[in-house]
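If you check Swiss-Prot, you get these features:
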BINDING   GLN162, LYS337, ARG366, SER367, LYS388  (2R)-2-phosphoglycerate binding site
ACT_SITE  GLU204  active site, proton donor
BINDING   ASP241, GLU285, ASP312  Mg(2+) binding site
ACT_SITE  LYS337  active site, proton acceptor
Amino acid sequence: MTVTIENIHAREIFDSRGNPTVEVDVRLTDGTLGRAAVPSGASTGDREAVELRDGGARLQGKDVSKAVANVNGEIYEALKGQSPFNQAKLDHLMIELDGTKNKSRLGANAILGVSMAIARAAANSEKIPLYRYLGGVDLELPQPFFNVINGGVHADSGIDVQEFLITPVKRASFRDGLEKIANIYHTLKKILADKGLETAVGDEGGFAPKLGSTENAIATLYQAIERAGYVPGEEIAIAIDPASSEFYDDKEKVYHFEGQKLTSAELLTYYEGLVEKYPALISIEDGFSEHDWAGFAAQTKVQGQKIQLVGDDIFVTNPEIFKEGIQKGVANAILIKLNQIGTVTEAIEAISLARKAGYKTMISHRSGETVDSFIADFAVAMHAGQIKTGSMARSERVEKYNQFLRIEEELLGLEVTK
């Protein structure tokens, strides 16, 4: 029996920030169901695919009833009766149906929900895990980066840098690495509490204390790592995401950072000093604005052989924009966010480009998440090498890490059989 798409149904659900988002069910003729929920970002690149929201009085203008209607109407009509096993064909059908460069007519949130749900339905129909359906048999778990201190637009902490992350560079297994991070997370919480600082968490599950500066935050991470019994730089490394587009003045061409106005050259000097002072700092994401390609390229020339420099807002997971970045020598790694581009196929294309150009890849969640663990399977399938999906708090973050534990068991043949 030939299996085809029988029904596609979208609904409005809520994400981890209390905002509406799109969830899609794809039902196949063999009775198989694939379900996917779409995340949403707070710090977004200007050239991201368009998240369609209604903009009216309902739900602060953020409702997604138009995107839902587009799935249940046009997209369903275009895809019904199609085989679910040709992901690229179906994704390109939706891209053509939308007819815009940035998916603004149907909405990237509508298209991505269907794209992800189709992949999951196809995997379920084949009775294999999603990571194996997307990636075949040659698979590996990524190195996880945990956002344990939140700043920027993700928290009201007074720190300009948006994310301070830790990663287990020395680990026997994914579980071993996760346990190390859990130990540091709880140690960090105690250190903050002992200092009388806030231990409430931000959007991504990290703490949001008013530490005053980037250096204070990094020094506090060093303290937590050491007090938990690990060696900074040797066992546990640090990464930051300044999300510098958020504090860049495009008119003055300066960065409003920690009470100062810094030129691109001055900000680069600051980053150089930071890496020299804190050698456990191995990765900087979006150190320069998406509108400051020259600044980003200069950083890559100076620091690109020493540390990882990740492009997020500057590339927005868009293969065409990324090609330009490769040609101009911008960054040495790319962040992959499915909802920045709007289809599984285009995200895979960006990863393929990175591999050919010698760039590293890091899969990422968004600040507005759901309990959908699609990106965990996707990271394993794509040999992404790295992932960041929040801290060790908030179920929508931890669910991705728990999915890696399940996948690790399966890959090691440790799962319970009945």
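Just so it is clear, glycine is given a Cβ too, placed from its N, Cα and C backbone atoms.
Shown here: features listed in Swiss-Prot, placed on the structure.
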residue: ASP241; record: Mg(2+) binding site; Cβ contacts under 8 Å, 6 or more apart: ASN147, VAL161, GLN162, GLU163, LEU165, ILE284, GLU285, ASP286, VAL310, ASP312
residue: LYS337; record: (2R)-2-phosphoglycerate binding site; Cβ contacts under 8 Å, 6 or more apart: GLY41, ASP312, VAL316, THR317, SER364, HIS365, ARG366
residue: LYS388; record: (2R)-2-phosphoglycerate binding site; Cβ contacts under 8 Å, 6 or more apart: PRO144, PHE145, PHE146, ASN147, GLU163, LEU165, MET362, ILE363, SER364, HIS365
Integer Cα-Cα distance in angstrom, SER367 ((2R)-2-phosphoglycerate binding site) to the residue listed as 'active site, proton donor': 6
Count of other CB atoms lying within 10 Å of the CB belonging to GLU204 (active site, proton donor): 30
Neighbour count (Cβ, 10 Å) for GLN162 ((2R)-2-phosphoglycerate binding site): 28
For SER367 ((2R)-2-phosphoglycerate binding site), the number of other Cβ atoms found within 10 Å of its own Cβ: 25
ASP241, GLU285, ASP312 excluded, remaining Cβ within 8 Å of their centroid (Mg(2+)): GLN162, GLU163, PRO242, ALA243, ILE284, ASP286, VAL310, GLY311, ASP313, LEU335, SER364
Span of GLN162, LYS337, ARG366, SER367, LYS388 around (2R)-2-phosphoglycerate - largest C-alpha separation, Å: 17
Assigned element (helix, strand, coil) containing GLU285 (Mg(2+) binding site), judged by DSSP: strand
